[in-house]
Amino acid sequence: MSDDKGYSGNALDCLKKNNVKVGDSIKITSELTYSGILMPRYESGDDKHLVLKLGSGYNVGIDVDEIQKIQVVSSSEVKPKQSQEKKDDPTLPKILLLSTGGTIASKVDYRTGAVTPALSASDLNEAVPELGKIANIDAEVLFSEYSENLQPEHWTEIAEKLDSLANSDYKGILIAHGTDTMHYTSSFLSFALAGFPIPVALVGSQRSSDRPSSDAAPNLIAASKFLVESNTKGIFLVMHHNDNDQTVACHAGTRVRKNHTSKRGAFETIGGDPAFTVFEGKVTKNIQDEFFKDAKYNPRIKIDTKVALVKYHPGYEPKLIENLIQTGCRAIIFEGTGLGHVGRTMYDVIKKAKENDLFLGMTSQCIDGRVRMTVYESGRDLLELGITPLENMTPETSLVKAMWALGNSKNTDEMKSLMLENIASEF
Amino acid sequence: MAEIDFEKIGLKVGLEIHQQLDTHKKLFCKCRPVESDEYTEKFSRSLRTAKSELGELDPAALFEKAKSKKINYYANSQSSCLVEKDDEPPHELDHDAKKISLLISSMLESKIFSEIHVMRKTRLAFKGPCLFPKEEI
């Protein structure tokens, strides 16, 4: 936020003329007299009003043109933040909390009226003191971005950071992350850090930490419990299981998807139960299989993003695929209809993509269920054209896996073989 | 009992009138404002304290937090939705409600601010989990 705290034009002139700063306790005389604290202005607000927080706690906009006089009752004072010295309990395990941003680490921005990433990892640690009873939490900020701004470069940065901690004495690692693309990040980490020796929990919230009904604290507490008590390895995504604050789900990082825009129970494990659940602090294992199919740690952190995720629909223009080929795309993951189909209008361009040695994988836009391309003639045609069915892997996980496999293989055959290998419970 | 000199002690008395408005929908969502004794939906929350924009904690909230209560909410699906549950951001302020409020304010010769601010409550109000005030000034 600028020094003017969102004020401009007439409103800013009025503040300067009266030597008033945001945060000052003031008395405004207009038709009536109002006392309160001058608040910042929303970025989209006009330049005709000052925002005053009245003693009742309500904010009001007062027309600048009607103001006769402003008196400063007391100036805003900056209260130095008292940092409490962290005292570790030697009997508790250690957890590292890495913050990448998102709603879980955000508060309301009075410039825009929206929530923005602002709280630091140690702010979170202080805001949820229950964490200190579960483990000694170290906190570190990697970056502070909403997840829609996170790119594959950020995934590799997180992976490299985790790789550097593979032999540390941490019992587990928490990653505070924005929820929108959290399942993409969890998928990448699952492949790039196959066999990682300690559990990793990506944790987010659908309601910002600065509101009483935030899901941030229950999710963080449950994720910490899970890391300390689950005795497992893997990359998990930990969020509310449903409407209630009491149950938190730990989803396998490659099987999870955000299926609702705003509910706190937005994330679901596709095609099964969450790997673990934490109900009022008690951790329960719901699956028998190990997350990583090979227990040996095998970090492969390279990535090549020349991959497209194409959702086929009636009326799909085949030339769009030609454009992808021309722009250097090396792999296409189709989100086909039903059991894994695209219309015959696509056959010629698919043939062309194969001639250009692209990897072509098929998933389903039904999201849940397995593609089965031998049932109908169109599926068999597509198999004949060289499309690889990707079983029940979700479209998003398939996309991320394709980027990872492309970055870690020498040719299309090798990439195909990686795509079909079950590495981190993606099938 | 000694008579109190109200002027001397600077007593101010305000009158707060609560009136449910007969609008087609609720203030921040499309739910109908129907009365019903049927509460078929149930969910629970553990509300926590949160700092205001001024970075202050509400003492009442701290007191409630100390009790560490789990709150069970019962809801009627006709008259409440995800917005009430704080599982969806509030929709646009209902136009009719705004119009009626301004009309009543005018009839009472109230001073109407030229800009309305919708705010989130930082106090723990156990009436509902959405924590958006039902009234604006």
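Each residue, glycine too, has its Cβ placed from N, Cα and C.
Record features (TrEMBL):
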{"type": "ACT_SITE", "residues": "A:Thr103", "note": "active site"}
{"type": "ACT_SITE", "residues": "A:Thr179", "note": "active site"}
{"type": "ACT_SITE", "residues": "A:Asp180", "note": "active site"}
{"type": "ACT_SITE", "residues": "A:Lys258", "note": "active site"}
{"type": "DOMAIN", "residues": "A:21-73", "note": "domain 'GatD N-terminal'"}
{"type": "DOMAIN", "residues": "A:94-284", "note": "domain 'L-asparaginase N-terminal'"}
{"type": "DOMAIN", "residues": "A:306-419", "note": "domain 'Asparaginase/glutaminase C-terminal'"}
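Secondary structure of the domain 'Asparaginase/glutaminase C-terminal' (A:306-419) per DSSP, as helix, strand and coil residue counts: 50 helix, 21 strand, 43 coil. Mapped onto three states, the DSSP output places A:Lys258 (active site) in strand. Annotated pair A:Lys258 (active site) and A:Asp180 (active site), C-alpha to C-alpha distance, rounded: 7 Å. Note on the domain 'GatD N-terminal' (A:21-73): DSSP counts are 3 helix, 28 strand, 22 coil.
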